[in-house]
Structure formats: C-alpha cells, structure tokens
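Asks: Reproduced below are the annotations present in TrEMBL:
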DOMAIN    12-138  domain 'MgtC/SapB/SrpB/YhiD N-terminal'
TRANSMEM  6-24  transmembrane segment
TRANSMEM  33-52  transmembrane segment
TRANSMEM  72-89  transmembrane segment
TRANSMEM  96-117  transmembrane segment
TRANSMEM  123-145  transmembrane segment
Amino acid sequence: MSIEVSDFIFNLGVATILSMIIGLEREIKKKPIGLKTCVVIGITSCLLTDVSIDAANHFAIPYEKPMDPLRLAAQIVSGIGFLGAGVILRRNNDIISGLTTAAIVWGAGAIGIACGAGFWMEAIISTCLIIISVEIFPIIFKWIGPKALTEKQLKVKIIVDNDEKMTEILKQMKQKGMKASKVRIKDVQEGTLQQMDLTILVNEKLYATDVYYELKQIKHVISVEMEAL
C-alpha cells in the first residue's frame, strides 16, 4: 500500500523537527556541520526512505518481481559516511577533532530514515538520548567521574636560557598543578637557548592566562607561547 500524502508530510515534519534539535546543538557550539546541514540530512533521508518504500509497494509484483522497500535507505547510511568523514580533522598538533559531529551527522540520517519508515516514537526517543548523551552525561561525569575528566589540555612552547634547569622547571610546573606530557626539547639560536614543546594538563576551571602568568614566573623561562587544544 502506497504512503498517503498526509503521512508523507507528517513524516517529513517530524524528521525536520528532530534533526533541527540535534543540529541546533552543533550550531550553538560553532561546529562545521550545524543546524542547516542536519536538517537537510534528516529531510532527504526521510524523503528517500519514503520513496524507497512507496516505490517497492507500487512497482513490485508478488512472487514475480519482489523489491526491497529499504534499498535506498541502505545507501543513505553509506553516503552519510563520506559526509561524516569530511568533518573529521587532524590538526597540526595531532589532535583529532570532529568525531562527535560526524556521529551527529550519522544520527540525523538515522532519524530521517526512522521517520520515513514511520517509526516516529523511536526517532523521538533516539533524539532525546542523543542530546542527553552529548550535553548531560559529560556534566554528570565531571561531578562523579575521575579527575581526568575535569582537566583540559594546553599546548605550550617555552624558551629556556639554561638547559641544566629544564628538570627543575618541570618540577616547578608539577608543584603548580600542571602535569606535563609529550615533552620535546631542541636547541635554538645556535644552542644558546633551548625550546621545550609540551602538552600540559590543568584544571579546566583555570584560565589560560593564569597558566601563562604562572609559567612566566618560573626562573630561567624567557618566553611562553600557549595554545588551547
């Protein structure tokens, strides 16, 4: 039986609203794929699913020419995979970003497929769970989870005037609550100065300017360059 026009419009309406909700979350966080992209993905996924089901019912001949009603829907998942891969970035500091956004894109497509197939309640529940997982769970885990969840990473470049004091500098950083990792040291200005490139973990409540000031106060530190990861 073909999908009625009223059902088709309702499916598209639900897909639009639900994909708009998860797209708005990305838009607020200024991510590369936001409100408009998620809405377009949700609507087109719903449309293709409806067309796939309707075409299978319309053109199939029982026992002679069977058709898969979700053939197009299966291709949606593959197509969205390429779109999601486009938002996953590897920056110069070897930090991978965009994984959550890519997953949200996949979720928008899945919600569109569910709405197109008529599984509205499942789509609504999934949308709520996605928002809770992305927004609420991280806050809860910061309260009850390990200390590592309340720390943020900073990439720091320090110029030192005495290579014999590098160990002392690292000890002072530790005393100030800064945990150093991925330390790289090299000579600059023909060996007269040394450069330390490292990633440090600090409490997320600290401002980057406070960390910068603390590092500048350490003896033998000439200059500090900092980047939030």
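Including glycine, each Cβ sits where the backbone N, Cα and C put it.
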Asks: Look over the recorded stretches 6-24, 72-89, 96-117, 123-145 and say which has the most C-beta pairs under 8 A to the transmembrane segment (33-52).
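Replies: The listed stretch sharing the most Cβ pairs with the transmembrane segment (33-52) is 96-117.
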Asks: Summarise the model's confidence over the domain 'MgtC/SapB/SrpB/YhiD N-terminal' (12-138) as a mean pLDDT value.
Replies: 83
